[in-house]
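Per TrEMBL, the features are:
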type     : residues                                           : note
BINDING  : 87, 88, 89, 100, 101, 102, 154, 215, 224, 233, 234 : ATP binding site
BINDING  : 100, 102                                           : Mg(2+) 1 binding site
BINDING  : 100, 102, 154                                      : Mg(2+) 2 binding site
COMPBIAS : 558-571                                            : compositional bias 'Polar residues'
DOMAIN   : 353-531                                            : domain 'Poly(A) polymerase RNA-binding'
REGION   : 524-571                                            : region 'Disordered'
């Protein structure tokens with residue numbers, strides 16, 4: 001009798017291996033992933049390895065320098081160590097071209113978090129490979145965000161209650177978590193969770209191909225990103241891992257089909273768990289809806305396997321849950337069609353229709369008259385609080401869904417005077433008025449290295465969008481969104497004294513109609529929605545309901561139909 005290891009908290013649904021037609025579909029899936037650019041080249045992989053070597057050297061140098069400042073001998077300072085760990089998509093083996101690297105710097109007990117944001121920050125700034133840096137010490141998980149040799153890297157730091165961190169250290173021992181504060185625990189959790197996921201799947205090669213496909217699908221369909229109320233990379237990985245446990249011998253193509261079938265029928269808020277939730281040596285909260293009311297409020301809980309278990313999807317709102325479930329429904333229909341040869345894998349990865357879907361949108365525009373580092377910090381704060389605005393909006397009578405878009409739109413303009421600044425603030429973000437900005441210089445990949453522009457004053461803009469599904473039974477009734485917008489505005493403005501300077505930081509919240517969305521939200525050549533004519537005479541000639549976004553276009557300078565709901569004075 002063949003014995004097969006049981007993965008997860010239940011036995012498998014099926015232990016059947018793939019059939020010949022399923023293997024053929026699996027080969028087609030891998031070819032489609034290659035077309036989609038999911039895999040990076042050997043040279044790109046080697047570049048990441050080289051960068052991680054540099055970061056390892058910097059980590060050891062960082063610990064050495066701080067140790068010497070604390071009067072340790074040269075030998076003790078060297079022995080104090082310091083080690084870099086990776087987690088997220090890179091550690092899972094599903095990273096692609098342009099993916100960031102999630103990185104953790106583990107240090108011994110005499111190194112403080114403040115040292116990380118001073119000494120290590122300085123070491124990074126000395127490196128010629130550094131392109132961008134944005135320290136965020138006040139984040140839920142403190143982080144230094146950098147771009148290093150063109151690759152984005154999130155650097156976390158965790159301090160263990162040990163005297164030395166040797167290069168051979170692993171993080172599997174739960175006792176290493178003793179005497180740590182919550183921020184250190186959260187920083188360590190990413191690496192520990194990633195390690196456990198890889199141990200809990202039957203076949204890592206099948207898991208990785210399926211996860212690559214789900215990541216592309218979730219990005220194309222606009223449902224990726226924890227900060228916006230959707231599952232992030234780790235949550236999607238755990239969701240895929242659970243299906244792999246239930247079908248341990250299936251190929252990746254079958255895993256995808258079962259993924260959509262099972263989760264479209266899942267009895268939420270029943271949690272998705274990869275192994276029994278463990279107790280441990282710490283007096284810390286472990287996810288338990290029987291004890292904690294907050295845990296009972298989680299709408300689509302996906303629970304991390306590493307102790308202390310947490311919910312990776314606590315940010316999901318009623319609105320984003322509806323959006324996710326509708327995409328699961330679409331996913332099962334498309335994959336069923338693929339298995340019956342009616343559609344192909346590229347149909348699964350078709351782009352979302354977010355900017356065609358709603359009548360009304362809320363735009364949250366973050367602007368900075370300063371440097372790019374200041375703008376990154378200001379944008380990061382506003383972005384991190386956006387889900388709170390979604391929660392406030394979806395609680396209003398008359399709003400069925402407040403659907404946040406999962407990506408940001410960034411633009412930078414050069415300006416000469418305050419008239420230019422006012423012009424940008426008043427006219428940016430609307431199709432009707434964006435042509436009024438054509439006389440201003442916009443920073444692009446082509447001109448960003450121009451010496452003549454480097455000394456010019458710049459205004460950085462980042463825009464976030466929320467689609468509003470409004471349902472008012474009585475047409476005369478109006479949905480008043482001023483109060484939630486004002487509350488969100490004040491929350492962001494007053495969060496940190498630094499951001500209260502109106503001369504540098506602005507936050508503008510407007511609603512805009514579908515037909516007035518700016519050109520930047522549509523891809524080149526994409527057909528944008530056009531308002532249909534209402535007169536009978538023009539209706540007959542109005543067969544084409546949309547127009548494509550051309551490469552460059554001059555538009556009439558109509559008055560903006562956007563309405564500012566809350567904004568700062570941009571002095």
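Positions of Cβ are set from backbone N, Cα and C atoms, glycine also.
Annotations in TrEMBL come from automatic prediction, not curation.
Here the features listed in TrEMBL are placed on the structure.
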| residue | record | Cβ within 10 Å |
| --- | --- | --- |
| 87 | ATP binding site | 26 |
| 89 | ATP binding site | 22 |
| 100 | Mg(2+) 1 binding site | 17 |
| 101 | ATP binding site | 23 |
| 102 | Mg(2+) 1 binding site | 25 |
| 154 | ATP binding site | 18 |
| 224 | ATP binding site | 21 |
| 234 | ATP binding site | 23 |
Residues 87, 88, 89, 100, 101, 102, 154, 215, 224, 233, 234 binding ATP per the record - widest CA separation, whole Å: 19
Binding-site residues clustered about residue 102 (Mg(2+) 1 binding site) [Cα within 10 Å; pool: 87, 89, 224, 234]: 87, 89
Length of the line joining the Cα atoms of residue 234 (ATP binding site) and residue 100 (Mg(2+) 1 binding site), in Å: 14
Segment confidence, the domain 'Poly(A) polymerase RNA-binding' (353-531), expressed as mean pLDDT: 92
Distance from residue 100 (Mg(2+) 1 binding site) back to residue 89 (ATP binding site), taken between C-alpha atoms, in Å: 8
Shortest C-alpha distance to residue 100 (Mg(2+) 1 binding site) - which of the binding-site residues 87, 154, 224: 154
